[in-house]
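Engineer: Sharing a structure, written as structure tokens. Questions coming.
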Amino acid sequence: MKEESTAREARLIDGRQAASRLRAAIAAEVAQLGRDHGAVPGLAVVLVGADPASEVYVRAKGRAMREAGMESHEHRLPADTAQETLLALIDRLNADDRVHGILVQLPLPAQIDTQAVIQAISPDKDVDGFHVLNVGRLALGQQAFVPCTPRGCLMLLRQVLGDLTGKEAVVIGRSDIVGKPMAQLLLGQNCTVTLAHSRTRDLPAVCRRADILVAAVGRPEMVRADWIKPGATVIDVGINRIERDGTSRLTGDVDFAAARGIAGAITPVPGGVGPMTIACLLQNTLDAFRISRRRAAPCHPSSERKPS
Ligand SMILES: NC(=O)C1=CN([C@@H]2O[C@H](COP(=O)(O)OP(=O)(O)OC[C@H]3O[C@@H](n4cnc5c(N)ncnc54)[C@H](OP(=O)(O)O)[C@@H]3O)[C@@H](O)[C@H]2O)C=CC1
Ligand SMILES: Nc1nc(=O)c2c([nH]1)NC[C@@H]1CN(c3ccc(C(=O)N[C@@H](CCC(=O)O)C(=O)O)cc3)C=[N+]21
């Protein structure tokens, strides 16, 4: 039978709006903390080299921090910075009481051992959630700093679907910063999780099982409409800069225009996951600030670790 001519379009998941609500709630809490304690949460962002995309993100993070009433301490180092120099900076930031969160923008130049740098960050200031202690805590289902991008994706999913129990979730991409922690979070929500990657056999068929499809690959419009189960919720993490019709623009890992006719709900790029990543960075920094205050008052009877 022929489809109706007015095919139903997927609900658009507005990441900008969700992020702006979260940022407003954080700003209100920060203002209250200032009134109660005269203290301001601070984030140190370290950028090595001058990658233009990284510059854009770092500027956006700084602006969002200041708008929420938080302090942003930006450290820009030349591309040829030695590893020891960066490690010495991390040591200083670990010891700095005004710095509650530390983010080292990735990727780092080739002469620097990324893991050595990440593991040098104090786990209590690791607002990216990349430190082995936070990765382990997340895997064990303990209180942990959760990487900002998957945390934001989960917030959007909860907003659209409510309880995720029993859903079939497929995550494409197994990176340490997106795919793996996303799979852990979905497992924590009682989804049945498949983590797909470049060696997955018959990826389209795997994707067609998904009630929830998260694409974090880095390949423009790789996910076609016929990979999507009708009515599925699609979260497009990909940020790919492409040339089209002579202009440069951003596109996700999903063929958005076609997928809209099949999916139940879908995030756009830009305006989907990206803004939530930044809002979650503010949330993680606020959580880190709270943890530092509990550390400062260890005798208080209610000083347990759980960020409320
Ligand atoms: N919106 C946001 O806030 C953020 C967006 N991003 C974007 O998300 C995307 C992914 O980032 P990131 O996780 O860092 O990327 P990585 O390059 O680290 O990982 C990509 C993953 O995709 C898999 N992959 C590559 N090609 C294929 C293929 N043909 N079929 C199936 N799987 C494939 C790789 O598999 P294998 O492991 O087998 O090689 C790998 O696991 C990028 O576009 C990035 O810009 C990233 C961070 C934040
Ligand atoms: N230590 C570390 N932590 C990160 O979280 C981290 C990182 N390194 N390196 C790079 C990736 C990428 N990332 C993004 C953040 C915001 C947007 C974002 O706000 N995007 C806007 C568009 C921005 C534009 O126009 O370029 C949007 O999707 O609407 C995107 C991507 C964080 N990352």
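Using N, Cα and C of the backbone, Cβ positions are placed for all residues, glycine too.
For Gly173, Arg174, Ser175, Ile239, the entry in TrEMBL reads NADP(+) binding site. If you look up TrEMBL, you'll see 13-128 marked as domain 'Tetrahydrofolate dehydrogenase/cyclohydrolase catalytic'. The domain 'Tetrahydrofolate dehydrogenase/cyclohydrolase NAD(P)-binding' annotation in TrEMBL covers 147-290.
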Engineer: Determine the Cβ neighbour count for Ile239 (NADP(+) binding site): the number of other Cβ atoms within 10 Å of its Cβ.
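Structural biologist: Result for Ile239 (NADP(+) binding site): 20 neighbouring Cβ atoms inside 10 Å.
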Engineer: Give the sequence-ordered list of residues that share a chain with Gly173 (NADP(+) binding site), lie 6 or more positions from it, and have CB atoms under 8 Å from its CB.
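Structural biologist: Listed in sequence order, they are Gly179, Ala196, His197, Ala215, Ala216, Val217, Gly218, Val237.
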Engineer: Which binding-site residues of Gly173, Ser175, Ile239 contact ligand 2 in the sense of C-beta under 6 Å?
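Structural biologist: Going through Gly173, Ser175, Ile239 in sequence order, those close to ligand 2 turn out to be Ile239.
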Engineer: Summarise the domain 'Tetrahydrofolate dehydrogenase/cyclohydrolase catalytic' (13-128) by DSSP state, stating how many residues are helix, strand and coil.
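Structural biologist: Counting residues per DSSP class in the domain 'Tetrahydrofolate dehydrogenase/cyclohydrolase catalytic' (13-128), I get 62 helix, 18 strand, 36 coil.
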Engineer: Which residue counts does DSSP give the domain 'Tetrahydrofolate dehydrogenase/cyclohydrolase NAD(P)-binding' (147-290) for helix, strand and coil?
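Structural biologist: The composition, in the requested order, is 55 helix, 32 strand, 57 coil.
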Engineer: Between the two most separated Cα atoms in Gly173, Arg174, Ser175, Ile239, the residues recorded as binding NADP(+), what distance in Å do you get?
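Structural biologist: Greatest Cα separation within the listed binding residues comes to 16 Å.
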Engineer: List the residues of the same chain that sit at least 6 positions away from Ser175 (NADP(+) binding site) in sequence and have their Cβ under 8 Å from its Cβ, in sequence order, or write 'none'.
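Structural biologist: For Ser175 (NADP(+) binding site), the qualifying residues are Ala216.
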Engineer: Other than its own, how many Cβ atoms are within 10 Å of the Cβ belonging to Arg174 (NADP(+) binding site)?
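Structural biologist: Other Cβ atoms within 10 Å of Arg174 (NADP(+) binding site): 17.
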